[in-house]
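Each remark here refers to the structure printed beneath this line.
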Amino acid sequence: MGTEATEQVSWGHYSGDEEDAYSAEPLPELCYKADVQAFSRAFQPSVSLTVAALGLAGNGLVLATHLAARRAARSPTSAHLLQLALADLLLALTLPFAAAGALQGWSLGSATCRTISGLYSASFHAGFLFLACISADRYVAIARALPAGPRPSTPGRAHLVSVIVWLLSLLLALPALLFSQDGQREGQRRCRLIFPEGLTQTVKGASAVAQVALGFALPLGVMVACYALLGRTLLAARGPERRRALRVVVALVAAFVVLQLPYSLALLLDTADLLAARERSCPASKRKDVALLVTSGLALARCGLNPVLYAFLGLRFRQDLRRLLRGGSCPSGPQPRRGCPRRPRLSSCSAPTETHSLSWDN
């Protein structure tokens, strides 16, 4: 049983996607979890398929629009927006596998299990880290218009940051890539994360803590710091667009906290129990399992919401999307074709207007 002590009921990037009918946790009595298992089989496929449909459609449009407009290399934010859409698109591609596994069991073998689990984990982490990159880009875009502001980032530097983010995400995905496997459970094949017997509880807990710290705490800290500075700039600015830009800032931070904070807290509490080898009563263990299922589903929702928050709110993106749907595209040269928007010049006088590009008109 020791090898399965960290198997959780969520299909998140820290665990397998199914629970045991009998708990593998250190419980004071045998705990039969058929009711939790039944809830998981109903809840997980519905959430996975809904988010997959929204994520594939929304992020597919973002990728197609940016590539058609050839704006991906013009600014760091455009480059990171493209990477964010790619990460969310890859994440959405893994969700139908989770839904099928929950409904009828896993039938694709251990190699595919490790591949899908690793892709899920890497894209999940990459998405949150690119959100932090976009926040930092927005702060630099405003601060560089001020006296003694930081030097603007170059597209080449943005591409280097993107490579680092993906490498870090792959590092965080190593447990899923190495230890996910196909196995029999209660008469059905399951794709689960099962740590080797020789791995201590401390190592398992430290892995989960590192993922929460880098996958949630770091991006949240960067977002709050950058948007707080941007909010202060907006409060000092004048113009009719100031209030709308402030609402965008609040919406971005609030969406991140509401969607990801509950799952991160639930996972931290579960990790604390693991590290302390704390015993739970059967009802408490069931409540924890349901909480992990529901909050991990909530965390997945940002895969479908990111295109709305970070792209569709942008005026220039909507213009590019309409042009794409009409079958046109814009060249990337200094003299754009008729109907293609010009990139505004940034000056100290235009800082409030550039701040309004918090709706990501880049």
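Here, residue 1 is simply the first one shown, and the rest follow in order.
Cβ atoms are placed via backbone N, Cα and C, with glycine included.
As the structure is a computational prediction, the values presented were derived from the model and not from experiment.
If you look up Swiss-Prot, you'll see 1-52 (among others) marked as topological domain 'Extracellular', on the strength of sequence analysis.
Under the heading transmembrane segment, Swiss-Prot lists 53-68 (among others).
The annotation topological domain 'Cytoplasmic' is assigned in Swiss-Prot to 69-78 (among others) on the grounds of sequence analysis.
Annotation source Swiss-Prot lists transmembrane segment at 79-99 (among others), citing sequence analysis.
The topological domain 'Extracellular' annotation in Swiss-Prot covers 100-114 (among others) and is backed by sequence analysis. Away from its own ends, the topological domain 'Extracellular' (100-114) comes close to residues 11, 17-18, 40-41, 44-45, 48, 176-178, 180-182, 188-191 of its chain (Cβ-Cβ under 8 Å, at least six residues beyond either end).
The feature disulfide bond is assigned by Swiss-Prot to C113-C191. DSSP classifies C113 (disulfide bond) as helix under the three-state reduction.
Annotation comment: Swiss-Prot describes 115-136 (among others) as transmembrane segment, evidence class sequence analysis.
What Swiss-Prot lists as topological domain 'Cytoplasmic' is 137-159 (among others), and the listing cites sequence analysis.
Same-chain residues lying 6 or more positions outside the transmembrane segment (160-179) and placing a CB less than 8 Å from one of its CB atoms are 13, 76, 79-80, 83, 87, 114, 117-123, 125-126, 129-130, 133, 193-196, 207, 210-211, 214-215. Look at Swiss-Prot and you will find 160-179 (among others) tagged as transmembrane segment, backed by sequence analysis.
Per Swiss-Prot, the feature topological domain 'Extracellular' maps to 180-203 (among others); the stated evidence is sequence analysis.
Per Swiss-Prot, the feature transmembrane segment maps to 204-225 (among others); the stated evidence is sequence analysis.
The topological domain 'Cytoplasmic' feature in Swiss-Prot is assigned to 226-247 (among others); the stated evidence is sequence analysis.
What Swiss-Prot lists as transmembrane segment is 248-269 (among others).
According to DSSP, the topological domain 'Extracellular' (270-290) comprises 16 helix, 0 strand, 5 coil. The topological domain 'Extracellular' annotation in Swiss-Prot covers 270-290 (among others), and the record cites sequence analysis as its basis.
Annotated transmembrane segment per Swiss-Prot: 291-313 (among others), in sequence order, evidence recorded as sequence analysis. Tertiary neighbourhood of the transmembrane segment (291-313): same-chain residues 8-12, 15, 36, 39-40, 43-44, 47-48, 50-51, 53-55, 58-59, 61-62, 65, 81, 84-85, 88, 91-92, 95, 127, 131, 134, 248, 251-252, 255-256, 258-260, 262-263, 265-267, 270, 321, 359-360, selected by CB-CB distance under 8 Å and a gap of 6+ residues from either end.
Under the heading topological domain 'Cytoplasmic', Swiss-Prot lists 314-362 (among others), citing sequence analysis as support. A mean pLDDT of 51 is what the model gives for the topological domain 'Cytoplasmic' (314-362).
Between the transmembrane segment (79-99) and the stretches 53-68, 115-136, 248-269, Cβ pairs under 8 Å are most numerous for 115-136.
The largest share of C-beta pairs under 8 angstroms with the transmembrane segment (248-269) comes from 204-225, of the ranges 53-68, 115-136, 204-225. C191 (disulfide bond) counts 26 other C-beta atoms within 10 Å of its own C-beta, drawing on all protein chains shown. Sequence-distant contacts of the transmembrane segment (204-225) (same chain, six or more residues past either end, CB-CB distance under 8 Å): 5-6, 13-14, 124-125, 128-129, 131-132, 135-136, 168, 172, 175, 195, 252-253, 256-257, 260-261, 264, 267-268, 270-272, 274-275. A Cβ distance under 8 Å defines the sequence-distant neighbours of the transmembrane segment (115-136), meaning residues of its chain 6+ beyond its ends; these are 12-13, 76-77, 80-81, 83-84, 87-88, 90-91, 93-94, 97-98, 108, 158, 161-162, 165-166, 168-170, 172-173, 175-177, 180, 191, 193, 211, 214-216, 218-219, 222-223, 226-227, 252, 256, 260, 302-303, 306, 310, 360.
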